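The structure appears below as structure tokens.
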Protein chains: 4
Amino acid sequence: MTERVVLAYSGGLDTSVAIGWIAEETKAEVVAVAIDCGQGGEDLDAVRQRAIDCGAVDAVVADAKDEFATEYCIPALQANALYMDRYPLVSALSRPLIVRHLADAARYHNATMVAHGCTGKGNDQVRFEAGLAALHPELKVLAPVRDSGMTRDKAIAFAEEKGLPIDVTKKSPYSIDQNLFGRAIETGFLEDIWNAPVEDVYAYSEDPANPRDPDEVVVTFTAGVPTAIDGKELTPLQVIEEMNRRAGAHGVGRIDMVEDRLVGIKSREVYEAPGAIALITAHQELENVTVERDLARFKRGVDQRWGELVYDGLWYSPLKDALDGFIAEANRHVSGDIRMELHGGRAVVTGRRSEKSLYNYELATYDTGDTYDQSNARGFIDVWSMPAKIASLRDQASS
Amino acid sequence: MTERVVLAYSGGLDTSVAIGWIAEETKAEVVAVAIDCGQGGEDLDAVRQRAIDCGAVDAVVADAKDEFATEYCIPALQANALYMDRYPLVSALSRPLIVRHLADAARYHNATMVAHGCTGKGNDQVRFEAGLAALHPELKVLAPVRDSGMTRDKAIAFAEEKGLPIDVTKKSPYSIDQNLFGRAIETGFLEDIWNAPVEDVYAYSEDPANPRDPDEVVVTFTAGVPTAIDGKELTPLQVIEEMNRRAGAHGVGRIDMVEDRLVGIKSREVYEAPGAIALITAHQELENVTVERDLARFKRGVDQRWGELVYDGLWYSPLKDALDGFIAEANRHVSGDIRMELHGGRAVVTGRRSEKSLYNYELATYDTGDTYDQSNARGFIDVWSMPAKIASLRDQASS
Amino acid sequence: MTERVVLAYSGGLDTSVAIGWIAEETKAEVVAVAIDCGQGGEDLDAVRQRAIDCGAVDAVVADAKDEFATEYCIPALQANALYMDRYPLVSALSRPLIVRHLADAARYHNATMVAHGCTGKGNDQVRFEAGLAALHPELKVLAPVRDSGMTRDKAIAFAEEKGLPIDVTKKSPYSIDQNLFGRAIETGFLEDIWNAPVEDVYAYSEDPANPRDPDEVVVTFTAGVPTAIDGKELTPLQVIEEMNRRAGAHGVGRIDMVEDRLVGIKSREVYEAPGAIALITAHQELENVTVERDLARFKRGVDQRWGELVYDGLWYSPLKDALDGFIAEANRHVSGDIRMELHGGRAVVTGRRSEKSLYNYELATYDTGDTYDQSNARGFIDVWSMPAKIASLRDQASS
Amino acid sequence: MTERVVLAYSGGLDTSVAIGWIAEETKAEVVAVAIDCGQGGEDLDAVRQRAIDCGAVDAVVADAKDEFATEYCIPALQANALYMDRYPLVSALSRPLIVRHLADAARYHNATMVAHGCTGKGNDQVRFEAGLAALHPELKVLAPVRDSGMTRDKAIAFAEEKGLPIDVTKKSPYSIDQNLFGRAIETGFLEDIWNAPVEDVYAYSEDPANPRDPDEVVVTFTAGVPTAIDGKELTPLQVIEEMNRRAGAHGVGRIDMVEDRLVGIKSREVYEAPGAIALITAHQELENVTVERDLARFKRGVDQRWGELVYDGLWYSPLKDALDGFIAEANRHVSGDIRMELHGGRAVVTGRRSEKSLYNYELATYDTGDTYDQSNARGFIDVWSMPAKIASLRDQASS
């Protein structure tokens, strides 16, 4: 029986060419798998048809937007996941989703191989292959762009030679990866890190400098999950879409940074993630209101590690599961409303209210009604400062 | 010989009254110590004269702005110090400076006591007393507002009865603490955390919504210290003043948050710190360019702990010294230029250049000239993902 | 109606006197609560009777040994809880158990107050009061030894004056706290930290220098819980008792250290915890076999924080709950057998086997059958060392 | 001009064969570099002569024992470096030393290549190559055992064919790596992790079960460096040698564990490191006496990361330098004497004294002379437990 390869298929030039390229290289049948995680563009039927037309024996297309929102974006939100304090892991979140679909398709189609179109210097190859190693370790991985010389020029030549139904003349100066949670842009002139991005690179967000009226929005969370906007109940997918639209209209969530890739180099990355940034901002402030201090302090380290782990391609890993155990517990009481003003590139929290609030007006106020017992302070401070004081006496004696 | 008390003197109602209050309470002579850490307002001679007029036997006034900038604000910048990822420690930085001057004055004037005007539910009492415990542990601490019932009403009555030269009618609705590095605002209506701040609370920054042209600024750092703006060499004090002015003009650095106080409660705080926020933003991005990945990842935890420690009043502590050892080493190569655009409440980095850059165009580029050896990727990924893969095989076998 | 006080009652001099002392001081009725967490000594009926004879209106006695083992000692084992890498939290684990019973008794007896016999410089007062603050915050806490001058001399005088049925002449030079999980010893001559403990201070363990034959033991764990010894299924309580006996016979688990108390001072502590140390040793090695590397590395920090938190009296706290979420997940596969040799003060692991093992003979062996693909190494190392290499090139260029 | 290869030369079969193997493979001249880091065995002149006899154009031999002790072992001691809480990094410490000598020799001899005899599944290949990448990144690395099929059988055949002066019949069942700081043993039967080590595998330590009298030793530290034993001043090298001898005589420092290798697998390792374990035990307890609590708590995480980094081959890395900055500061006051009893496989601290002690008898004692102010306790506890208390009230209200 002919062997089968499951290919992560985007519908673009590279992976369309890869169908035939891999078939020639391996003598195997290629099953294309295209996953909609909110990247927009063509409809799935067109993508499916192109795969077939390019030689795939079968094509699996799946609308995974709800799954992506609920099982990948929401956990990231609960972890306030910002790699290097900036980047909300847009691409790093979609890869484990795609990997899960690839592994399922490989089992369904009895495939022995899986293929992706990543290069050898990015993070995504790691996310694909580490994810596959965890979910379906028997599969052999093919990476024609990285391992068998399928350069862009060769891909175009192959497409022309085979008469593939792809427009090879459509050449964007930008290399884009986008999904529901945001958009990543790479392009030659940004590789000079002294150059600023131009307005042209952005698609999910308006120029923050455009004059317009502020937009006030109230996001409701239940146990760390956004469940309503302006009082209207929504699914996670709907919340993210709505916030992308509204925060994007005000230029929220543009990110321009030099980033540490897992593969050992620094790269310059430009992102836009209006919904993600607005929602994380809201979630963080609701945590400030509802999460106890020691837990909040420790959670920062957990959140950081969660983000690094996912960035580094280890979504399917024992540490990720254990961090999730911590984060789920920490989000148990993160319920309530956050009011934000979206304007001029910023999502600014202006109000918070919660039945789970640990903010206590009577303890906090300096006005009438203050119930805080200030007589405890002296004893507290004496004990609190004692270790440093004893050390200081020692240091003075010995210097 | 009559005992002496050194009083942390601000020139305002509370500490002016405290001069006489403490003198009556202790039968000791009061020496007022007023430190200029950039809070603006009256000149130091006027402050000094008022202390004398209110009954101080002596008054020490010191312009400590340069010292504050160099020895307190710059280390905070090198630690990217943001308590709870938001607050640049404005007040928490000035207290150890003041404490050092109080301890010195106490030694000079042979004082046996030291006094401050803090209440019993804030962080500053801890910062004063923990700092004094470390620098001059023999001093007895007096806190008349907290410990001997010197309420505002009683202070006003005392001032009127004694005819003190203070305008007791001047009643601001705001409780303000400000210095070179920023400004903290508390007031009754903000104690309802659903209320948004009004424009009126701000003084260091313009409304970000005001239309105006963006301002482009280039900050030069040398080993983590900002040393020039737009090519002009400046002292740390001048850098912060200049950035306060320019970033403040664009509404940068406004912060509104619910915060975990050391004394066990959550409080609502509004800050503005235009220079601090703009400089930290620049410093972080220059670290992204010049600091190696593993060091950068670990430094986030060090930075967090540094901020918590200083917030918690433990500036003078052995852990602080050891964290400083780490941070100094980590900043050794943080040199270069960061270009930012200041506009609409945001300081946005648009360019970076550095002779110490670890960003390597040849390794990063996808264009001609790429020197990255992609053939390493497969071996790397196989080893990298092996522990999670082995665990996954185990989990699948046992489920 | 007369108010009621619930008293943490040990049956000893201090808390027996406290019954009458508190009754006189508060005019309230005292309900004594005595909890057996494995401290041995008198039977609970005798303790109960003494409380009544000393004036308690009621006495609650409870055998909580199983509860203590299962709900307090086992979680500590799963966290490998060793404060300062040494001390298995013996007393720190029993206090939250006692607190829970006190809170329950207070609710049952409609008490408005709770009392303990701790001094003002130890950790236990914090553990009692912080626990009560969490479980029953309405209760007022009485601490007669600390707060109303009930010194030992006064307690003896009180007992004699009232003719309490306590032998006040029985004076041990040692201050002991002991329970199922271990034993803590304090005494005057150990306060000189240059003095070594004498054999006389120990009761749970034989002198390790005594000659005797080694004892081989196999401990079976299921998801981090010890469930059998030498193949015989046992409850957690039975496991700990058995290991105390067998490891204690070989002098395992003696600890002598200078320790950082929560209340700001260093103290010298001597402990013996044969079962705890032997079980933690076994659990750690089973983790080495069954827990994936990244998870194991992160868990060390989680374990440390768990131990500090419990030592610091914060068993009932949100951070503890979230750490438990992590630890439970991390222990999911910690199942298998550990063989140990108990001898000469040491519990030495000599074998491990597990169906959940991540140790893979085929990958690890250097003999025939090796399946590890060494050709991956070069690529791995090149990518792994690249960030440090790039930094080194930069440093050399700039030095 | 003929190219040159610098070879890390041990004098054993593999690296002796590698001289000729590499010469044939590369047509380059081989310079053998043999470093004495305390591994004992043959004298350096014999090693040097064998290299020449095997075909090396030159041989560099260096007694680096003092350098190894002072610059590699002592920093590990200051970091209490125990990988996975057990292994004192014996081999991981010597590799960066050897690398430094290789890099120096390569510069001196104008070599363009460097060679080592490591396999492709161990940590040492990473330590060699990552170290070389940092110190001399231009060198090309040769690893004949790993990359060009130089198996043991082929090496023996090569040696016989070329008549190399090596006894190829001398076949030890053990694979040993040893140096001043300890000894690592691997062998086939230990690859079954249920098997216990046999006495035969050990060489640095006597059987702990042998009856003999305890040995009491006093180690003096100055700023974290051991500077005297029993009052006699010694160099770091002498201290380690002396402690190896004395602690080894009592069977101290045997380690048997399953370990997480950097290269992705778990392996079973047996070590003996009598001096290292005894010295780390002493250093830890002196830290308990002289290091302030918050610093001690944070240092555990720093120490752990230091150990992992060095284990992982990143001795020469920016993070290592910054951690060293922290550790040096933390060791500033770690001065004083630790008395230990060495017996039955254990090094037990029995006394400590230090002019830098933070242990304060007056504060710690429960006897006459107690200066601790217990009246602070209530206020401290109220503030300390407030966050958890407020959270508990919230949880109860909402459950």
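Every residue gets a Cβ built from N, Cα and C, even glycine.
Together with C:Ala8, C:Tyr9, C:Ser10, C:Gly11, C:Gly12, C:Leu13, C:Asp14, C:Thr15, C:Ser16, the ATP site in TrEMBL holds one more listed residue from C:Gly117, C:Gly120, C:Gly122, C:Gly131, which is C:Gly117. The L-citrulline site in TrEMBL is built from C:Tyr87, C:Asn123, C:Arg127, C:Ser175, C:Tyr271 plus one of C:Glu138, C:Glu259, namely C:Glu259. Looking only at the binding-site residues C:Ala8, C:Ser10, C:Asp14, C:Ser16, the one with its C-alpha closest to C:Arg127 (L-citrulline binding site) is C:Ala8. Neighbour list (C:Tyr271 (L-citrulline binding site), Cβ cut-off 8 Å, at least 6 residues apart, same chain): C:Tyr87, C:Pro88, C:Val90, C:Gly182, C:Arg183, C:Ala184, C:Ile185, C:Gly253, C:Arg254, C:Ile255, C:Asp256, C:Met257. Summary for the binding-site residues C:Ser10, C:Ser16, C:Thr119, C:Asn123, C:Ser175: the Cβ-based neighbour count within 10 Å is maximal at C:Ser16.
Put simply, C:Ser175 is the one of the binding-site residues C:Asn123, C:Ser175, C:Glu259 whose Cα lies nearest to the Cα of C:Asp14 (ATP binding site).
Neighbour count (other Cβ atoms within 10 Å of the Cβ, all protein chains): 18 for C:Gly12 (ATP binding site). A straight line from the CA of C:Asp124 (L-aspartate binding site) to the CA of C:Ala8 (ATP binding site) spans 12 Å. Sequence-distant neighbours of C:Glu259 (L-citrulline binding site) (same chain, 6+ residues apart, CB-CB distance under 8 A): C:Tyr83, C:Met84, C:Tyr87, C:Lys266, C:Ser267, C:Arg268, C:Glu269. Within 10 Å of the C-beta of C:Asp14 (ATP binding site) we count 21 further C-beta atoms, all protein chains included. Close to C:Ala8 (ATP binding site) in the fold, though at least 6 residues off in sequence, lie C:Thr15, C:Val33, C:Ile35, C:Ile98, C:Leu102, C:Val114, C:Ala115, C:His116, C:Gly117, C:Phe128, each with a CB less than 8 Å from its CB. All chains included, 19 other C-beta atoms sit within 10 angstroms of the C-beta of C:Asp124 (L-aspartate binding site). For the recorded site, C:Ser16 (ATP binding site), the DSSP three-state label reads helix. C:Ser10 (ATP binding site) sits 13 Å from C:Ser175 (L-citrulline binding site), taking the Cα positions as reference.
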